[in-house]
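Asker: One structure, pasted below without further comment.
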Amino acid sequence: MAYTTFSQTKNDQLKEPMFFGQPVNVARYDQQKYDIFEKLIEKQLSFFWRPEEVDVSRDRIDYQALPEHEKHIFISNLKYQTLLDSIQGRSPNVALLPLISIPELETWVETWAFSETIHSRSYTHIIRNIVNDPSVVFDDIVTNEQIQKRAEGISSYYDELIEMTSYWHLLGEGTHTVNGKTVTVSLRELKKKLYLCLMSVNALEAIRFYVSFACSFAFAERELMEGNAKIIRLIARDEALHLTGTQHMLNLLRSGADDPEMAEIAEECKQECYDLFVQAAQQEKDWADYLFRDGSMIGLNKDILCQYVEYITNIRMQAVGLDLPFQTRSNPIPWINTWLVSDNVQVAPQEVEVSSYLVGQIDSEVDTDDLSNFQL
């Protein structure tokens, strides 16, 4: 099936599946098959922010005063987060848009990917402020062995889906020879790769950021690197939306409500999805071990972080219909919720950047009674 950027075949978008239907032609938002994606778009747009809005000048002083092992923790997490959001800033668009067939999901994916680019820009904003030569930090990302171990597990599912999608659009179903390699293309196999890719992305959004988040917030609990923590808090708020998006996609697919064949595929892939999550959790535990190899920090150590990884992994896996692999049932660092739930904290607006501020959410109506107490 050849992909077209504007199909001239008239269709009823309310009857199209999320994926593998007719490519989206008119981007219309007066009707939605799944209004959850429209709500996510509106919420993400209301969250719009820029890293330059947050003052990180004090962080440079704090960073210079940190002991070496805490500098290692801080800068390593920024490297890892830069990798994750570099992937997420482009991959959802490249991998998913050619397969999507409803406008609200198409626009949600574009909105999601755009917000990830803001996250990438944020890390540059932070790193540029605390080190004299940011290139030293960025150049290490593609050579750091610990980061590379994680990169392969994240990118491989995207790459496989993108490759088979290209064959499907260009060659169609069947067995083909491409550059001397025999390639078998089938719609069912492509659907399976899509499902596994979405599950991998879900694991990324659900687990892979949270060791880094916890460290950033632990510094701020000690009134250190507070500008960084404010930015990370905004990023965490966005990531919670992205996680909700992938969870809804997966649950619609595995229920069979969108595509009955996807329910069968979800059942077939259940063990592979389980293993995928467990592997992601183990990689995050290994990352915690790497971070704390030279010493822990006040309020946080490797063991506590590993328990937290197990705790959130259970919650995230349950949300997409998978069995729970770990015994940990309670949150070992409950203070982190203060940072992850923006409504939990009241601040004086003149003192700090207000992370709960929403764009386009103001009631602009003014009544004459509102001015009755004014005197000239």
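Cβ from N, Cα, C; glycine included.
Keep in mind the model is a prediction, meaning the values are calculated, not measured.
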Asker: Hey, Swiss-Prot has Fe cation 1 bound by GLU116, HIS119. Any idea which of ASP85, ASP140, ASP159 it lists too?
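Answerer: When Swiss-Prot describes the Fe cation 1 site, the candidate it includes is ASP85.
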Asker: Please pick, from GLU152, GLU205, GLU284, the residue that Swiss-Prot records in the Fe cation 2 site together with GLU116, GLU239, HIS242.
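Answerer: As annotated by Swiss-Prot, GLU116, GLU239, HIS242 share the Fe cation 2 site with GLU205, chosen from GLU152, GLU205, GLU284.
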Asker: Return the count of C-beta atoms lying within 10 angstroms of the C-beta of TYR123 (active site), excluding that atom itself.
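Answerer: For TYR123 (active site), the 10 Å Cβ neighbour count is 27.
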Asker: Counting only residues 6+ apart in the same chain, whose Cβ is under 8 Å from the Cβ of GLU205 (Fe cation 2 binding site)?
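Answerer: The answer is GLU239, HIS242, LEU243, THR246.
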Asker: Other than ASP85, GLU116, HIS119, which residues of the chain come within 8 Å of the Fe cation 1 site, judged by Cβ distance to the Cβ centroid of those residues?
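Answerer: Nearby residues not in the site list: GLN81, LEU84, SER86, GLN88, GLY89, SER115, THR117, ILE118, SER120, SER122, ILE235, ASP238.
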Asker: So for HIS119 (Fe cation 1 binding site), how many other CB atoms are inside 10 Å of its CB?
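Answerer: Neighbour count, Cβ to Cβ under the 10 Å cut-off: 23.
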Asker: How far is it from GLU116 (Fe cation 1 binding site) to TYR123 (active site), counting Cα to Cα, in Å?
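Answerer: The separation of the Cα atoms works out to 11 Å.
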